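Enquirer: What Swiss-Prot shows for this protein is this:
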{"type": "ACT_SITE", "residues": "CYS75", "note": "active site, proton donor/acceptor"}
{"type": "ACT_SITE", "residues": "CYS186", "note": "active site, proton donor/acceptor"}
{"type": "BINDING", "residues": "ASP12, SER13, TYR44, GLY45, ASN76, THR77, THR187, HIS188", "note": "substrate binding site"}
Amino acid sequence: MAVESAAVGVFDSGVGGLSVLREIRARLPSESLLYVADNAHVPYGEKSAEYIRERCERIGDFLLEQGAKALVLACNTATAAAAAELRERYPQVQLVAMEPAVKPAAAATRNGRVGVLATTGTLKSARFAALLDRFASDVQVFTQPCPGLVERIEAGDLYGPQTRALLERLLAPILEQGCDTLILGCTHYPFVKPLLAELIPAEMAVIDTGAAVARQLERVLSARALLASGQAATPRFWTSALPEEMERILPILWGSPESVGKLVV
């Protein structure tokens, strides 16, 4: 039986999910947090659905062994590939997943033209196709796969010339189509929002789902009387790659230095 003081487990293919973790910390400061970055297998966007599901199951099992009361799948690609299977695997655990913000973007656009930056895996998924069918039938959606962008962010290169050149190339087709709304369909991408702001029109709306995931987690925990109160424990971090590499990047993306454990699953 889960208890209020138990931690929330959050995981992603890499450090992108830290953008979601920041939103959770801001909205639910009493919640203790566990975070797993599967950096040894990043990016998920170019992997098969079967491969991603296996990784998600191993990481989910690990986080539950650490006592997590809820799981947050802070990865759009993993949600598309594995969310349904994880809900079947862990029926007793609250699972909050994420998906590209098609619904709010369709509501926000003024000219009916929406651009999407996402991984190849997300854009090819049946889940994304279903989102378009359900919420975007009245708007034009222009998708742009972004190979290489996750890797730049994983390296901590949020403002450098290579990242700028890559973003300029990725944005060009969307800007040529006159889109007035841009969906960030990967949890890594909010980390380059400041650079994006220099490359897109000031009036273009940029939408991601980190804050919405934090709100959904709050609703799920509250409905089951699992919201924590009081002082949260120090966040705990693990990576499947080199801990020292993640320790180097955490001050940049998380805002403070942290100790990182080695995940072997």
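Glycine residues also receive a Cβ, built from the backbone N, Cα and C atoms like all the rest.
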Enquirer: Identify all same-chain residues not among ASP12, SER13, TYR44, GLY45, ASN76, THR77, THR187, HIS188 whose C-beta atom falls within 8 angstroms of the centroid of the substrate site's C-beta atoms; report them in sequence order.
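Expert: For the substrate site the neighbour list reads GLY14, GLY16, GLY17, VAL42, PRO43, CYS75, ALA78, THR119, THR122, VAL150, CYS186.
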Enquirer: Within 10 Å of the Cβ of GLY45 (substrate binding site), how many other Cβ atoms can be counted across all chains shown?
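Expert: There are 26 such Cβ atoms around GLY45 (substrate binding site).
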Enquirer: Between any two of ASP12, SER13, TYR44, GLY45, ASN76, THR77, THR187, HIS188, the residues recorded as binding substrate, what is the biggest Cα to Cα distance in Å?
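Expert: Overall maximum Cα spacing for these binding residues reaches 12 Å.
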Enquirer: Whole-number Å only: compute the distance from the Cα of THR187 (substrate binding site) to the Cα of CYS75 (active site, proton donor/acceptor).
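Expert: Here the two Cα atoms are 6 Å apart.
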Enquirer: Ten-angstrom check, please: count other Cβ atoms within 10 Å of the Cβ of THR77 (substrate binding site), all chains counted.
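Expert: Total other Cβ atoms inside 10 Å, all chains included: 31.
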Enquirer: Going along the chain, which residues six or more apart from SER13 (substrate binding site) have their CB under 8 A from its CB?
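Expert: For SER13 (substrate binding site), the qualifying residues are ALA37, ASP38, ASN39, HIS41, VAL42, PRO43, TYR44, GLY45, ARG55, CYS75, THR77, ALA78, VAL150.
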Enquirer: Tell me, how many other CB atoms lie within 10 A of the CB of TYR44 (substrate binding site), whichever protein chain they belong to?
Expert: 29
Enquirer: Give me the Cα-Cα distance between ASN76 (substrate binding site) and CYS186 (active site, proton donor/acceptor), rounded to a whole Å.
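Expert: That separation, Cα to Cα, works out to 6 Å.
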